[in-house]
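Here's the structure, in C-alpha cells; my notes come after.
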Amino acid sequence: MSPQTETKASVGFKAGVKDYRLTYYTPEYETLDTDILAAFRVTPQPGVPPEEAGAAVAAESSTGTWTSVWTDGLTSLDRYKGRCYNIEPVAGEENQYICYVAYPLDLFEEGSVTNMFTSIVGNVFGFKALRALRLEDLRIPVAYVKTFQGPPHGIQVERDKLNKYGRPLLGCTIKPKLGLSAKNYGRACYECLRGGLDFTKDDENVNSQPFMRWRDRFLFCAEAIYKSQAETGEIKGHYLNATAGTCEEMIKRAVFARELGVPIVMHDYLTGGFTANTSLSQYCRDNGLLLHIHRAMHAVIDRQKNHGMHFRVLAKALRLSGGDHIHSGTVVGKLEGERDITLGFVDLLRDDYTEKDRSRGIFFTQSWVSTPGVLPVASGGIHVWHMPALTEIFGDDSVLQFGGGTLGHPWGNAPGAVANRVALEACVQARNEGRDLAREGNTIIREAAKWSPELAAACEVWKEIKFEFPAMDTI
C-alpha cells in the first residue's frame, strides 16, 4: 500500500456518493450570533424529500459537491459547512418548503457583497434536484455588517446637506428617457427644478449615447441646477447617471460631477454590479457626493414567486454596498409592490433595527448597528391624486418621484412641478393638523387646488388614471 493510500484511509475517506442530509441537515443545530442565516423557498423535484433538498442547498452553497472527495479530510467541514437547521412547509403550496440555512462567517470575504452572493445565490440555483429555488431573506450578523461602509452619507446627513426637513423630497425623471439633446435635456431639468422639485433624474437607460454624450449632459444639468438655485433660494440636485461600461469610466464621470460642484450622482447597481457599486459608494463618501441607486433588472431576479431572490435581499445588499436612495416601488403606481411587503423592506432600508415579522415578509430580526439608512424612492405611474396615499405610506423619509406626473402637465414642466409641490405641502400640513390622509386625501387635494391653478389642471388631467392589477409579491 502506498503512503498516499494510507493517508487517505487514515482520515476515513470512502469514495462514492452519499445523501446530502447525512452531513448538511442538522435540525439540532443552534444558530450563532455570527452566522449568516438564509430563508430559501425550495421546490424539490418529485421524489426528493424536503430534508435532502434543504441539505443540498446548504451543501452546494457552502462546502459540498456531488460526491465525496478525499480533500474533505484536510479541513474541518464542521467548522465551514452550511447547515439546514429548520424546514417549514409553505401554507397553501404543494411540495414547497421554507428551508433555513446557517452559514459560518468564515465562508465570506469581509466587505464583499459580491463574494457573499457568489456563494449563497450561486450555482445552487441551477441544481437539478430542485424544480425552483428562491432566497426570501437573509440575516446579516452585526459582525459582518461592520465590515461594510454602507451608504455614503445616509438620511440625516442628506437632509443637512440639502437643508430640507419635515417632508418627503420631490423628484422627477426626465422624459422622453432617450433621444433628447443635452441642451434640451438641461432645459427640461431647469423647468422642473424652478417649479419646486428638489431633484430631477437621469433615466436608468441614459449613460453616454450618440444623441447625448455624458459630459455634455453633466454640463447642461449643472447649469440648470445653479440657475434654479439662484431663482428659488433652495438647494437643488440632478441624479447624474455615472453608470458606465468600466469601473474606471464610472469613476471618471463621478470625478467630473464632483468638479462641477453638484450634490448627487446615480448608479444602476444591478446592471453595474456590486463591485462597481461599492467602489462608487466609497468614492462618494470620500468626496461629499450623495448616491442615488436605480434597481434596473431587479424584476428579472425577484418577480417570480418561487424562483430567484426577493427584493428585500437586494435591498439589504444595497445597504451594505452603499447608496443614499434606492427605488422601492410605490404600492399605488404602475410598478409592482404590495403594501405590507413593500413597507417591510422600506423599514429594512431606513431603520437601525427591524424585528422579525412574517406578515410583512421579514423572516429574521435584523440589526444594522450604526450603518446609515437609505431613502426609499417611490417612482412609477404616480401623479397628484396619489400624493395623500404616498405621504401616508412612506412618511417624511422618502423621495416621491413624478416623471410623467410632472412632465405630462398640460401647461408644461414648471407648472407640473408646482402642482406636485403644492399637493405635497397640502398633504404634509393636513397630516400635521391630525387629518386622516387615507380617508380625506381627495378632499385635501381638491381644497388645495382651489388656490393653485396648476394643481387644478393636473387634477383634471389625471382624475381617471389608475393602475389596478393584483400584486404578484404577496405572502
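For all residues, glycine too, the Cβ spot is worked out from N, Cα and C.
Here Lys175 (active site, proton acceptor) comes close to Asp203, Gly403, Gly404, Leu407: these same-chain residues lie at least six apart in sequence, with C-beta atoms under 8 angstroms from its C-beta. DSSP assigns Lys175 (active site, proton acceptor) to coil in the three-state reduction, outside any helix or strand. Residues or ranges marked as active site, proton acceptor by Swiss-Prot: Lys175 (among others).
For His294 (among others), the entry in Swiss-Prot reads active site, proton acceptor. The DSSP secondary structure for His294 (active site, proton acceptor) is strand.
As annotated by Swiss-Prot, substrate binding site applies to Asn123, Thr173, Lys177, Arg295, His327, Ser379, with the evidence given as sequence analysis. Listed in sequence order, the residues of the same chain lying 6 or more apart from Lys177 (substrate binding site) and placing their CB within less than 8 Å of its CB are Asp203, Asn205, Val206.
The feature Mg(2+) binding site is assigned by Swiss-Prot to Lys201, Asp203, Glu204. For Lys201 (Mg(2+) binding site), the same-chain residues lying six or more positions away in sequence with a CB closer than 8 A to its CB are Gly171, Cys172, Thr173, Ile174, His238, Tyr239, Met266, His292, Gln401, Gly403. Classification of Lys201 (Mg(2+) binding site) by DSSP places it within a strand.
Annotated N-acetylproline per Swiss-Prot: Pro3, in sequence order, evidence recorded as sequence analysis.
What Swiss-Prot lists as N6,N6,N6-trimethyllysine is Lys14, and the listing cites sequence analysis.
Look at Swiss-Prot and you will find Lys201 tagged as N6-carboxylysine.
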Open item on the list: If I take the alpha carbons of His294 (active site, proton acceptor) and Ser379 (substrate binding site), what is the distance between them in whole Å?
Closed with: 10
TODO: State the Cα to Cα distance, in Å, between Ser379 (substrate binding site) and Glu204 (Mg(2+) binding site), rounded to an integer.
DONE: 12
Task: Minimum Cα separation from Glu204 (Mg(2+) binding site), reported as the residue among binding-site residues Asn123, Arg295, His327 that achieves it - done: Arg295
- [ ] Among the binding-site residues listed here (Asn123, Thr173, Ser379), identify the one with the smallest other-Cβ count within 10 Å.
- [x] Asn123
